[in-house]
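*Asks:* According to Swiss-Prot, the protein carries these features:
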TRANSMEM  28-48  transmembrane segment
TRANSMEM  51-71  transmembrane segment
TRANSMEM  102-122  transmembrane segment
TRANSMEM  143-163  transmembrane segment
TRANSMEM  174-194  transmembrane segment
TRANSMEM  212-232  transmembrane segment
TRANSMEM  233-253  transmembrane segment
TRANSMEM  274-294  transmembrane segment
Amino acid sequence: MNLKSPLFLRLSDRLDVYIRLMRADKPIGTLLLLWPTYWALWLASDGIPDLAVLAAFTIGTFLMRSAGCVINDFADRDFDGAVERTKNRPFAQGRVKKKEALLLTAFLCLLAALCLIPLNHLTWLMSLPALFLALTYPFTKRFFPIPQFYLGLAFSFGIPMAFAAVGNSVPVEAWILFAANVLWTLAYDTVYAMADKEDDLKIGIKTSAVTFGRYDIAAVMLCHGGFTLLMAVLGAVIGAAWAYWTAIPIVLLLQYRQYAAIKSRVRQICFETFLANNRIGWVWFAAIFAHTFFAK
């Protein structure tokens with residue numbers, strides 16, 4: 001194959017654009033979606049999730065996160081060029097057309113729908129509000145003062161879907177975990193929004209960081225605290241083994257470190273603090289994994 005041929009160069013360019021639109025080169029969003037989904041799968045299956053179900057949720061999560069990123073860039077195409085962090089995205093650079101992005105979104109959603117085939121009808125039904133939330137979230141930044149809460153709903157729907165897929169029902173512990181994850185998402189995405197706060201104020205985009213104003217850090221920590229409290233409530237409801245409870249002091253320490261970091265409100269530090277939430281995700285997964293092991 002001639003690597004310098006016009007066709008190859010064209011295909012290589014489009015592949016690069018699609019990878020960047022999907023954020024396939026930045027897995028943090030997929031991880032933050034996967035952790036709560038895995039928490040739910042392990043709890044619902046008593047630590048032994050069916051491999052087909054696990055694969056369906058893992059692949060489906062990646063595809064829907066990718067679709068969400070593409071439609072987000074489509075929605076923000078007139079603003080990204082004015083924001084320091086997003087000025088090099090494909091739309092901001094004029095490298096992608098609107099129709100192209102919409103077709104890519106539809107294709108990714110279709111692939112994600114195929115992941116539902118081995119799952120039950122209740123899971124299919126619950127995928128509809130999940131799809132609606134994922135595709136409409138980017139547009140809430142025009143009118144909703146706390147779009148990060150809406151994102152929290154979208155990022156949490158994998159939890160009841162996981163319980164539905166495993167047990168064909170959505171018990172109370174699923175909704176406790178759902179509420180906890182909404183608060184966690186609101187916390188870390190507000191930190192993410194703090195990194196863009198100055199730019200968002202200039203262009204008129206609504207975010208929780210803008211809405212909370214000088215109380216943004218207090219709001220973040222209240223959400224973190226509520227998240228941890230609900231995880232403790234969840235532990236009490238499920239009769240968690242001792243290993244589950246070891247996560248709480250570790251997570252509290254990680255949350256305190258985040259507080260110490262974001263007090264500076266420095267753009268890069270806020271972004272790095274957002275990334276650090278991956279640690280909280282895997283700590284809770286390890287705790288739930290250990291709980292299901294020792295509870296047997």
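Cβ atoms here come from the backbone N, Cα and C positions, even for glycine.
Mind running through what each feature is packed against?
*Replies:* Remote same-chain partners of the transmembrane segment (28-48), defined as residues 6 or more beyond its termini with a Cβ less than 8 Å from a stretch Cβ, comprise 54, 57-58, 61-62, 64-65, 69, 155-156, 158-163, 165-167, 173-174, 177, 181, 184-185, 188, 238, 274-275, 277-278, 281-282, 284-285, 288-289, 291-293, 295-296.
Here the transmembrane segment (51-71) has Cβ contacts under 8 Å with residues 21-24, 29-30, 33-34, 37, 41, 45, 101-102, 104-105, 108-109, 111-112, 115-116, 118-119, 130-131, 134-135, 137-138, 154, 158, 161-162, 165-166 of the same chain, all six or more residues outside its ends.
Sequence-distant contacts of the transmembrane segment (212-232) (same chain, six or more residues past either end, CB-CB distance under 8 Å): 176-177, 179-181, 183-184, 186-187, 190-191, 194, 197, 247-248, 251-252, 255, 258-259, 262-263, 265, 284.
Remote same-chain partners of the transmembrane segment (233-253), defined as residues 6 or more beyond its termini with a Cβ less than 8 Å from a stretch Cβ, comprise 43, 172-173, 176-177, 180, 280, 283-284, 286-288, 290-291, 293-295.
Residues 28, 31-32, 34-36, 38-39, 42-43, 46-48, 184, 187-189, 191-192, 195, 231, 235, 238, 240-247, 250-251, 254-255, 257-258, 261 of the same chain lie 6+ residues outside the transmembrane segment (274-294) yet bring a C-beta within less than 8 angstroms of a C-beta in it.
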*Asks:* Quick test of the contact rule: Cβ under 8 Å, at least six residues beyond the ends. What residues does that give for the transmembrane segment (102-122)?
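*Replies:* For the transmembrane segment (102-122), the far contacts come to 18, 21-22, 52-53, 56-57, 59-60, 63-64, 66-67, 70-71, 74, 131, 135, 164-165, 168-170.
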